[in-house]
Amino acid sequence: MAMPWPLYKHIPLNLSFKATSHLLPMASLKSFFLVFLLIAVSSILKPACAQLSRNFYRRICPQALPEIRKVVRRAIRNETRIGASLLRLHFHDCFVNGCDGSVLLDDTANFIGEKTSLANNNSARGFNVIDDIKSAVNRVCRGNVVSCADIVAVAARDSVAILGGPDYPVLLGRRDARTASRDAANNNLPAPFFNFSQLLSNFQAHGLDLKDLVALSGGHTLGFAKCATFRNRINNDTNIDPNFAASLRAGVCPASGGDNNLQPLDATSGRFDSVYYQALLKEKGLLHSDQVLFKRDGSQSDRLVQRYSYNRFAFNIDFSYSMIKMGNIKPLTGNDGEIRLNCRKIN
């Protein structure tokens, strides 16, 4: 079910979390934000995922969510970049056969998993943090009651919140897959060289729409990309600031070599903000798949990029809604799947 476009249309265009202190007390603003998202949650729920609930662990382990946040906070304190990695894990989990924790599985004699897929091999990170969370949660819950799929979803949200983004509600009660597929990952995860039509088709295949595409791409406000993922862009794309491209060619991404050299995805890669969209307006998107969101043709995509670039409140709301929506892609519930004791292998 789509959210009416847009529910916040009467909010002043310059409204943002930082800029609203003169309009609303921060506590009131946060309450409004939570109520807004709870309305959004009710619009997302479908019969197939009706067993997901914000309060799923309230009775069986009320300590679970605070413990997850504690471990995520400690991990980010040790390495800020890990927050982006945990967010990316959730994306890559949900886009391959649903949000079922399959991205975490190591290869077995029966299947080749997702970790060695084109998008994940030597790229996906954060598995050790998920292991740490699982051990900590099992300890405080005195048993194996929290799924790895839920841990991935909550760790992504906590990373966003800790790094300055919205603390959106996460629906819980997912169970873990008993298999994984490298082929499915190769066929479902969008590539950094995708054009706009390919990106939109990919998102639509997962029940997401154009607004979700633009909002969720804002996750690239956090983290880094390897030279190999943007070398072609800085050498061949025309929709790129020439000085920006030249600085990258002369620095972290030469014509040959340095494939694994890292470049921040935006100028504030350790803070969840709207600088990513501001960069797109200046044709300084690092990845080809980022810059195609702003085409200078007056399209809906252009309008969303422009809006998010100056209205962080709108971005936070839409990002939160789209994350909740993405988190509901084909979850395993009830008696389907299992709750893994070790997130890397089936029970």
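Each residue, glycine too, has its Cβ placed from N, Cα and C.
Given the structure is predicted, the values throughout are model-derived calculations rather than measurements.
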Problem - From Cys61, Cys94, partner that TrEMBL gives for the disulfide involving Cys99 - result: Cys94
Fill in the blank from the handout: Answer for the disulfide partner of Cys61 (TrEMBL, candidates Cys49, Cys141) is Cys141
Completion exercise
Apart from the site residues Asp93, Val96, Gly98, Asp100, Ser102, Glu114, the 8 Å Cβ neighbourhood of the Ca(2+) 1 centroid comprises His92, Cys94, Phe95, Asn97, Cys99, Gly101, Val103, Ala177, Ala180, Ala184, Ala185
Handout entry: Asp93 (Ca(2+) 1 binding site) CB neighbourhood, other CB atoms within 10 A
Key = 30
Practice task
Check the Cα distances from Gly98 (Ca(2+) 1 binding site) to each of the recorded positions Arg88, His92, Pro190, His220 and keep only the ones within 10 Å.
Solution key: His92
Fill in the blank from the handout: For Asp100 (Ca(2+) 1 binding site), the nonlocal same-chain Cβ neighbours (under 8 Å, six or more residues apart) come out as Asp93, Ala149, Arg174, Arg175, Asp176, Ala177, Lys330, Pro331, Leu332, Gly337
Fill in the blank from the handout: Rounded mean pLDDT within the domain 'Plant heme peroxidase family profile' (51-347) lands at 97
